Every structure is written in structure tokens, then in C-alpha cells.
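Asker: I am attaching a structure below and will ask some questions about it afterwards.
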């Protein structure tokens, strides 16, 4: 448990009761089929033997042209129409570029990984789609898997795919693992997996650096309560680490109650620097233990971990928020490069709100308030536009200061819209009359809100 639980204002248990989450419903891309009933479909469990048999049958079954439909009770011999749905495995082998696999709602129980193979690609302007049908909620449930690094949930090794509106839980390793490039992952929820909820990395140990996943967009997604049962130091909310290329973006994503970090952008000496990652409009809170209190002494608990092994990578973090994480809000984690942080807010984290001990980092319009330890800000404080927390008080070279009165509310309230977007209400929003409004450079406010 957090050592700070005795603080009635900020204690983990007290806050957990005050934060409400509204899970997003899926959105259909394209036509809304209002004439088709949204019935509750039964669950089905596929063993490894059944998956193998399904794959064999799928190879000999020609599915309907165009969009395909799958359901928990779909049959591999069905053509994949809405009235006669097929299986997910069969649909993945035959969907054409520019077409969509629609998943009906219900529980899809698997004991082995669902893989979109290398070479199973869409194209620029003609993505292959794996999308929840209407407002229904398809749940890919891998709880039957054993804990182990080979037991991922959904593994996307192909390029140019849209994955939207899915819930993925219980995997023996990562919930979703992305080894392909130019994919769009939207409004997904990954939780209670036994490693990072959603991770990017090379599809094979033999993949060259030019094949590392690049130009993927993770949008409006939520990753929570992921925990590895062996040591509690591996399972993050989101990770683009070890073996990722350039151009990967996280936008409007939420990471909470993961046993290790919210985001992990770790580089390792053995594999060298990763490509620069961009994080926008995202929130990390209460990482370092799960919502039921699971943690270990090894659980780091950073909101945004932005490096590793003293390797330079110039990441970008903008308009993002870290609060009440076990350790740091934003940390360079030994990355001595030039990380650019713009209009971020960090509040009440277990150690420093901003921990950048070394490097040539660039800080613009960031706001730190009520950290447990002083901020460390090696680099350029552009135009003295940042308000830091040092020696238990705010500091700014131009005389700006932050107090509780500068915020409409310091009571966390987080919901998600139907599209998965984060809704914060008045939480950490600057109050009318605050001198932080309009004091940014070259214009605008200081902080994320």
C-alpha cells in the first residue's frame, strides 16, 4: 500500500471512493444498423485444440465478400454475414483491405493468442477493420491462459489496421501487443492482464530495426489494473519500449491503477534507443498498485516514465496530467536527451511531480503543485513559463505562484465519453481570476487545463 494512506486529503483509499469511471460504449464506423436487434449473445470458450481446428477449417471455407460479422457463437462454416456470423479466427484470414470485421457483443473466451499475422495488411486509405458492432461490447477474455511471456491476448503484427471498441482482459502477458505499423487503435480497454495492458514492440526477436513498429496511433483508450503476479514491476498501462520505431502517438489515453507505471518508454542498452514517442492529452493516476491494493516493493509507480539505461531519446509530452501516482508524475528515468514537455500538470505524486535530474530537456508552460519531493528540472525553462514545486512551495522566476485557489477543484472526477475521450469536469481546471491564465508562452495558460 502507499505509505501516504494516512493523509486524509490524499490517501489512496479515500480518493478511490471519490473517483467515478464511466466506461465507454463502442462506436460504429459507418452505417448504423438500427434494424438489427442488439441481442445478448452467449459466450463460448475455445481451447487451443479448438483454435487449431478452427484455423484448419477456416482455410477451406470461403467467406462472404465485403464486411464480415463474428459472434461468440459464430461458426467457422458460416459465411460471416450478420445473420450467419463466423469466428474471429476465420474472419481474420479472409477480410479484404478497406473492409471491416464487426464483432457482436458478448464474451469471447480464449486460451491462446489471437494473432493478426505479419503480412496480413490493409493499405494506406484502405485499412482493415476490427470494430465493435454498434454500441455492443465485445470482450476478448484470455483468463484461461497461464501466466507467461508467450501468452498474449491480441497480437497485431500486420500493418494498416483499425481496432476499435474492444475490451481485452485476463491475458497471461500483454492484453494487446502491437508489432505492426501504421495502425489505429481506438476506444479500447485493456485490464487485469498479467503484463502491460497495451504494448508496442518488435514482432519477432529476428526483426530488424527497420521493422520495428512505427507510426501507430493509440486514441481514446483506457488501460487499468494490469499486474504481473511474479514481481509486480513489469505491468504498465501503456508501453512503447525496448524495440519500437518512430512516429508512435498516444492521444487522449488514460492509465490508472497499474501495478508498475502508467506509461513506460524504456530504452535498453542491448537493443539501443527506441524511436521518439509523442503523448498528448493523456492522464496517468494511481499507478504503483492496482485498485484492490495489489503491489510489491518492486512496483515503481510512475505516471509517465520516459526513458531508461541513460539512452538519449527526444520524446514529446503535451497537455497531459499526472496525479497521485506512487512515485513520480513525469520522470526522465535516466534519459539524458531532449524531452519536450509542454502544458502539462502534475499534482500530489508520491515523490517528485517532475523528475528530470539530467539532460537538455525543454519545459514550456508546465504546472506542478503539492508534490511530496522537490521537482528536478535539468534543461531549459523556456521564458520562465513553468511553475514548479520546490522546497514545499511553488516557484517561478517571474513571481507566478500556484495555490489551491487557482483551481476550480482538486477533487478528482474522471469519466469517459462514448468515444472513449477523457472527461475531467472541473478537476485541475484553472479558476477564473488565476494569474496562471494567459501567462503561458507565447500565449495561453500554464498547465494542461
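In case you wondered, yes, glycine gets a Cβ from its N, Cα and C as well.
Annotations for this protein, taken from Swiss-Prot, read as follows:
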ACT_SITE  305  active site, proton acceptor
BINDING   236, 260, 261, 264  Ca(2+) binding site
LIPID     27  S-diacylglycerol cysteine
LIPID     27  N-palmitoyl cysteine
REPEAT    158-179  repeat 'PbH1 1'
REPEAT    180-202  repeat 'PbH1 2'
REPEAT    213-242  repeat 'PbH1 3'
REPEAT    245-267  repeat 'PbH1 4'
REPEAT    274-308  repeat 'PbH1 5'
REPEAT    336-358  repeat 'PbH1 6'
REPEAT    359-391  repeat 'PbH1 7'
SIGNAL    1-26  signal peptide
Asker: State the residues, same chain only, that lie 6 or more residues beyond the ends of the repeat 'PbH1 5' (274-308) and have a CB under 8 A from a CB inside it; answer 'none' if no residue qualifies.
Answerer: 1-2, 12, 15-16, 212, 214, 224-227, 231-233, 236-237, 240-268, 314-335, 337, 339, 346, 349-350, 412, 414, 422, 424
Asker: Going through 158-179, 336-358, 359-391 one by one, which has the most CB pairs that fall under 8 Å from the repeat 'PbH1 3' (213-242)?
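Answerer: Stretch with the highest Cβ contact count: 158-179.
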Asker: For residue 305 (active site, proton acceptor), what is the tally of other C-beta atoms lying within 10 angstroms of its C-beta?
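Answerer: Here the count is 28.
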Asker: Using Cβ atoms only, which residues of the same chain lie under 8 Å from residue 261 (Ca(2+) binding site) while being at least 6 residues apart in sequence?
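Answerer: Sequence-distant Cβ neighbours: 236, 237, 255, 284, 287, 288, 300, 301, 302, 303, 304, 305.
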Asker: What are the DSSP helix, strand and coil residue counts for the repeat 'PbH1 5' (274-308)?
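Answerer: DSSP classes over the repeat 'PbH1 5' (274-308) add up to 0 helix, 9 strand, 26 coil.
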Asker: So if I measure Cβ to Cβ from residue 264 (Ca(2+) binding site) and keep only same-chain residues at least 6 apart in sequence, which ones fall under 8 Å?
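Answerer: The answer is 196, 236, 238, 239, 240, 241, 305.
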Asker: Within 8 Å of the centroid of the Cβ atoms of 236, 260, 261, 264, which other residues of that chain place their own Cβ, given that this set defines the recorded Ca(2+) site?
Answerer: 196, 234, 235, 237, 239, 258, 262, 263, 287, 300, 302, 305
Asker: When you scan the chain for residues with a C-beta under 8 Å from the repeat 'PbH1 4' (245-267), skipping those not six or more beyond its ends, what do you find?
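Answerer: For the repeat 'PbH1 4' (245-267), the far contacts come to 181, 196-197, 200, 209-210, 212-228, 232-239, 273-291, 294-296, 299-309, 311, 313, 315, 322, 325, 333, 335, 414, 416, 420-422.
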Asker: Once the chains shown are all counted, how many other Cβ atoms turn up within 10 Å of the Cβ of residue 260 (Ca(2+) binding site)?
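Answerer: I get 31 for this one.
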Asker: So how many of the residues in the repeat 'PbH1 7' (359-391) end up helix, strand or coil by DSSP?
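Answerer: Taking the repeat 'PbH1 7' (359-391) as a whole: 3 helix, 20 strand, 10 coil.
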Asker: Can you give the mean pLDDT for the repeat 'PbH1 1' (158-179), rounded to a whole number?
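Answerer: The average pLDDT of the model in the repeat 'PbH1 1' (158-179) works out to 99.
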Asker: Return the count of C-beta atoms lying within 10 angstroms of the C-beta of residue 236 (Ca(2+) binding site), excluding that atom itself.
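Answerer: Result for residue 236 (Ca(2+) binding site): 31 other Cβ atoms within 10 Å.
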Asker: Let's see if you can do this one: DSSP helix, strand and coil counts over the repeat 'PbH1 2' (180-202), in that order.
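Answerer: Helix/strand/coil tally for the repeat 'PbH1 2' (180-202): 0 helix, 9 strand, 14 coil.
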